[in-house]
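What TrEMBL says about this one:
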type	residues	note
DOMAIN	508-772	domain 'G-protein coupled receptors family 3 profile'
TRANSMEM	508-533	transmembrane segment
TRANSMEM	545-566	transmembrane segment
TRANSMEM	578-602	transmembrane segment
TRANSMEM	614-639	transmembrane segment
TRANSMEM	667-690	transmembrane segment
TRANSMEM	702-722	transmembrane segment
TRANSMEM	734-758	transmembrane segment
Amino acid sequence: FQFVVALFSAIKEINSNPYILPNISLIYPVHGNDDFYPCNIFPVIFVQSRNISFPNYMCEEQISTVAGLIGPMCVLSAKLKPLMKLFRWPQLSFAPFHPILSDREHFPNIYQMAPKDTSLPLAMVTLMLHFHWNWVGLLISDDEQGTQFLSELRAEMQGNRVCLAFVSIIPMDIKMYLGEAGIHDKYIMTSSSANVVIIYGEVNPTLTFSYALWTRFGSHKIWLSTSQWEYSTIKRDFNHDSLLGTFTFSHHHPEISGFKTFIQTVNLSNHPLSNSSAKWGWVGLNCSELCTNCKAWNNCSLSVSLELLMWHRFDMAMSDESYNLYNAVYAVAHSLHEMLLRHVDTQPVKYGKELKFEPWQFSSYLKKIQFTNPAGDPLSMNQEENSHVEYDIFSIWKFEESQGVKVKIGQFTPYFSHGQQLYLSEDAIIDINRSPNDCLSCAPGFRKSPQEGKAVCCFDCTPCPENEISNETDLDQCVKCPVDQYANTEQTRCLHKVVTFLAYDDPLGMTLACTSLFFSALTAVVLGVFVKHQDTPIVKANNRTLTYILLLSLIFSFLCSFFFIGRPNTATCILQQTAFAVVFTVAVSTVLAKTITVVLAFKVTAPGKRMRCFLVSGALNFIIPICTLIQLILCVIWLGTSPPFIDTDTHTEHGYIMIVCNTGSATAFYCVLGYLGSLAIVSFTVAFLARNLPDTFNEAKFLTFSMLVFCSVWVTFLPVHHSTRGKVMVAMEVLSILTSSAGLLVCIFAPKCFIILFRPERNSLQKFRHKAY
């Protein structure tokens, strides 16, 4: 019915316009028994006035049919093909663009007013991506139009990782659909997990019947369609309770002000539309609003405006087909106007008889015509110039008494840059955002893992690897956190790592520091005891000078632990290894000197021995400087080639950045440690050989045990040093220093301090002489 309204509105405007076809009127023959079906062919007739001084005077004597207007569902209609063979007058299709009608060989005289939907698949996929709909079903008609749309839509989906859950191809024959095709369609209705379904194709009886079944048995779905299906979703008897939402894509076109004015002002009682309006206009209305008895069509009142009728049955705005029909009438008028002007310029007018023409003559003007309609929209019959059309996006909202209301919620502009093509009104889509996703998505903290041999939308959700995150749904890859950050437990965001080191306020660091201070103080006490009792036989017998040197080196050795505790810096990193190596070399070389002293002292007891000269000359005093000098040379080479430096360890402890000292050259480190171990082994060997000396001079036994402790500690340290990192490695090195130093202190000086402090009677010359003999 809206088609007829658009047709009469356009004809009325043209006949009232003195600048288009002056003195000529367009008419449409209306008969009382006319039926307006979507596939009817509407002939457009023009009438010329006899008297040129009376424009727009309609004369019944001289009429000619200039063109036909064909609507939807005419492509495969039995009406159309025989007509094309019998007549050559041009046909203007106001139906949606159909690829079959583009074939000039079979349809040379058909002109499609609708632009080609080249961007419709892209527009639909863009809307799907906006709402994260990636599992979509498709209903199409079994014709070339449906096949082409399926191909274009599938290409867009594959490029954007959107998948087709099913494709239901509905046959044109209703009998075929009621057979196996219908059974398959009903199975999909009840079993598919897709929440979004696209319906595309002409509004034919079979596809309409399938659509009605889907709304009843297809549970709650979101529907995407074109403007062809708007009428099916806004009528009163439509089942809106079965929908989560309906979205239609309509070609963007300006509003025709004259169309709304025509609807608001025309009265059915005195207009040709009254002959057929009852059959089309009153169907489905609540007759109580318009008439008292609707059992017969003639009983329904026609003394009303079309505005109420259009609001009840259609939309006050033009549909795409009505807009195309409106433009088709104007195309005919402008082409006819151009043809008549050319005819007047070339031949004189003789009582109007020269206005007769053949259909093919009019067609040559029609295919070249370009004009601007009353709404300011430029139009051309060349389809190539009508590509990349914009789309208005509408949502059908449920209104009172189960009637749907079409509301514009956005627009799609294909020639805009990617990411700016789709515009949606946020206020109009609040309820849409609450609609469920089509399929399960991988939550943040997981990534999509494709299932081999299946579609890209079929995937497993795999947790992100360690220290990687995904902060959005359905990510293909997890993102690795930066070096200075780590993933939270849910692996949804990166947290900054805490900078840490072996600090003094750390329980472990505090324990080591206190232990170092304790042994340093204890060694200082032992040194004080020996200084106080320096004239006693037990102190004199063990070479007081070497004893003092050993105790001082042990004090510094204990204090070297503080280079490992606290925040590392360049100075502490250098002194950590080198200071301990030099200090402990002094301690071990002192032990070696004491051990050699014990052996030489025993050897020179017999008169005339050459060893006595060596002992008396003081040559043993050079053992400590020589051994220490060698270690100093090694340390200088180390510092000159690859010195220790500040380093960070981001992997050992989760969530922490360990600040440690890197030894720099591992070779130099092991050379220094190896040299220290070599001195200890030599000292241990010499002391072990002197273990059977008389008790008076038997310090060799204590030296043997001290070197045994030292070697055991550092042999254990090497594998631990390789297997640990971070604060544990630093703590183990400090513990090794403290243990080896404490081993020397306890093994060498504990027995002597016991005698000096608790058994003074044994610390006398008579006692030593008694033991010697």
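Every residue number used here counts from 1 along the chain in the order it is shown.
Placement of Cβ uses the backbone N, Cα and C atoms for every residue, glycine included.
Under the criterion of 3 or more C-beta pairs below 8 Å, with sequence separation of 6 or more, the transmembrane segment (545-566) and the transmembrane segment (734-758) qualify as touching. Counted as Cβ pairs under 8 Å, contacts with the transmembrane segment (667-690) are highest for 578-602 among 508-533, 578-602, 734-758. Where the transmembrane segment (508-533) meets the stretches 578-602, 702-722, 734-758, the count of C-beta pairs under 8 angstroms peaks at 734-758. Same-chain residues lying 6+ beyond the ends of the transmembrane segment (702-722) with a Cβ under 8 Å from its Cβ atoms: 588, 591, 594-595, 598, 673, 676-677, 680-681, 683-684, 687-688, 691, 729, 732-733, 736, 739-740, 743-744, 747-748, 751.
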